[in-house]
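Colleague: Can you keep this structure in mind? I'll have questions shortly.
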């Protein structure tokens, strides 16, 4: 099983151009190497899984296993660290001399490297044995049981020498991979788990965990013997030399030290996990190790194999400076890894508990151990995708000889891992440690992508690789696919209905349904039937005049459920929701989702919420009411995208939103003087906080903070005396928001305005607005001080440390959250829990809402729901920023407005949960949809056409006449 990298082994000298031509076919060689490595690794992992079953059956998850894992952590962690650093330094150097040097030079380089490793690792192993007592105390400071500590020390002489053989085996294997030999070196690794399993079965009862150490040592020696035989057949000649002063060795040392330091830092993360786990309940170290070993089965089969198979070819492409082929290879396998990992991640999360129960729940491995291990495995699986992509991306940096970059990223990972372990481990024990690891992988991946983009330029990672498109095309051209399509066409031909016919059927169904409902309503309750009949008239008008439907939504949504009694109990919300959802049947949804990329993710999040209908504590009826309100936000966004096709229609919606904001502001200011629709602050005497129609200051502040950036945008689009009206509108909105005395809004609004001002195209106007913002803020503070309005008093309250008691609520939610509930506890379960707990701080109940949308999503909809929400919050600003690159100045200003609104939403949603409330959610998605409406597409096309015509005119005028 070998795939030679060079097509002609006798011709060692090759030009870069010929090398570039040859490495363009690297995908075929990588795939063949991947098959060899993956099949071998799969066999090894399966044998290792059998070995782990035998070990857990024999020893369970006791303190003895903690002792073994601590003793084995040194070679187990250091060997991959040294192997990875050596591989990243050896392969580029070895590939260079292999293509440019002679056979003797290759042998001398190989022998020198082998002798250095043999001497260096031997001395290092002896050094570890001398300091084993200090090292064990540093690795597991939380183990205080003397018996466990003494057993750990007794195992070190048998397990530490394993490090030497692991590093030598890995070194020889990477050289054989560079020679195109992938199969036999990989298959030799199965000798280690076979030896361990055999010795545990033979002597486990007599010698205990000592047989694990002896089995590891003997298995590594057998593996070395097999690799040596294969190395001789590959003509790797050993010489008793030590050429330390060659150019190749200088380059090797230059690449090695950053790799070792980076790997040392990266491998410190498992050590940090172990240190924090040693302070948890007994057996936690074994739980984390068992879950991690299960995770390593797919990691080793797919990710490690692919990384080792691709590294020689990526190095060859980087050496030939063929960055186009390099990026193409990288993108192809990144897509392959992403698709495979997503499927694998879903399967592992769903099958975590049954698989562990089936494989391990035998002997001393109890049901409690199964629950702990499964929960921890889920925590690791959450970060499986960023782990896989990050691992392969790090191989790309290795091929580019950017070891220093990896070292810096690894340093960040260690610090982040310690912080996340301290937070999550305290909250959720071993699951928290696993979740912290997943969070670190995600942060690392983001940094790697950014740095690789800076190094290579645009990567186009979201563009499907041509190889995958070609594969799909070949599948479509396959005779079997053609037969299936023909059969489907014949089967569905009789049921094929035109779009026009579908519309007629829908109309007939609506008419028949209305007629039947009228008859049934008259028989059941004639008064209700009369009300429905009267209400059907405006409902049909709204179906016909869709733009009017949007304006009615703007005018009424904030008032429904408020303090004005007329808008309560008269079915206004139903009258707006029904036509909005019905219009989804005739409005193109796909194109709207393409225009606004965040909508599919919002829809996926709402679908995940819908899955909790069967176990939601609020009941099916109430659940459907809430969920229909959420889905209406998507419907309104879709309608706005298709309806707002002209500037007049766009500005009409903006003006309607601002008019509603002014009404809410005036109503709130009126309440400040009459002391209505608000309340006095409990900590500051005489401080009255307005709430307008909501009677809730945070809700009013949240809604006004959305409209203030919109008012600034509208003001910038006005001319002449109308600018004064726009400034007055902004001032009224700011005044009303300030009188809510909401700390989150007071922080987020200035920040959002500064961000928005940065996207204004005129530098002069930008400077004037920044200066005006600072001046207005200073004058507001001075005026408030003169008329004795304590604007900033709430920031000096003693409750600032607990965020007005919110930290007590968050602690209660986290204390009652079980990560094993992947789908959470159901919609509004957090509110129900806090109502039952009645959390207080000695001065009464703090609140009955979670006051944080992330914790609300975590408790109500589980870890997966939280991940979907985080993904939604990430995609939205990314789509806004992406559109800013190629657009007109006015559209860029609109995108900056939406980004400012997003900042207000995110900052305040960390302290309040009004984002999903009926009175605020519609306005949020209305404003965020404005940059994506069809008007901007026509606006950009008109601007492009005008620019093209201007350029053509100038070109014709400057062209000399040829007569």
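These residue numbers are counts, starting from 1, taken along the chain as shown.
Each Cβ is built from the backbone N, Cα and C atoms, and glycine gets one as well.
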Colleague: If I go by TrEMBL, the feature transmembrane segment sits on one of 237-257, 258-278, 405-425. Which?
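Modeller: In TrEMBL, the transmembrane segment feature sits at 405-425.
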Colleague: TrEMBL lists transmembrane segment for one of the ranges 501-520, 521-540, 801-820; which is that range?
Modeller: 501-520
Colleague: Transmembrane segment per TrEMBL sits at which of 2-27, 106-131?
Modeller: 106-131
Colleague: Six or more residues out from either end of the transmembrane segment (572-589), which same-chain residues have a Cβ under 8 Å from its Cβ atoms?
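Modeller: Same-chain contacts beyond the ends: 503, 506, 510, 535, 538-539, 542-543, 546, 549, 552-553, 556-557, 560-561, 628-629, 631-632, 635-636, 638-639, 642, 918.
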Colleague: May I ask whether the transmembrane segment (624-644) has at least three C-beta pairs under 8 Å with the transmembrane segment (373-393), counting pairs 6 or more apart in sequence?
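Modeller: The answer is no, given that the two segments have fewer than 3 Cβ pairs within the 8 Å cut-off.
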Colleague: Please spell out the DSSP helix, strand and coil residue counts for the domain 'O-antigen ligase-related' (729-869).
Modeller: 93 helix, 2 strand, 46 coil
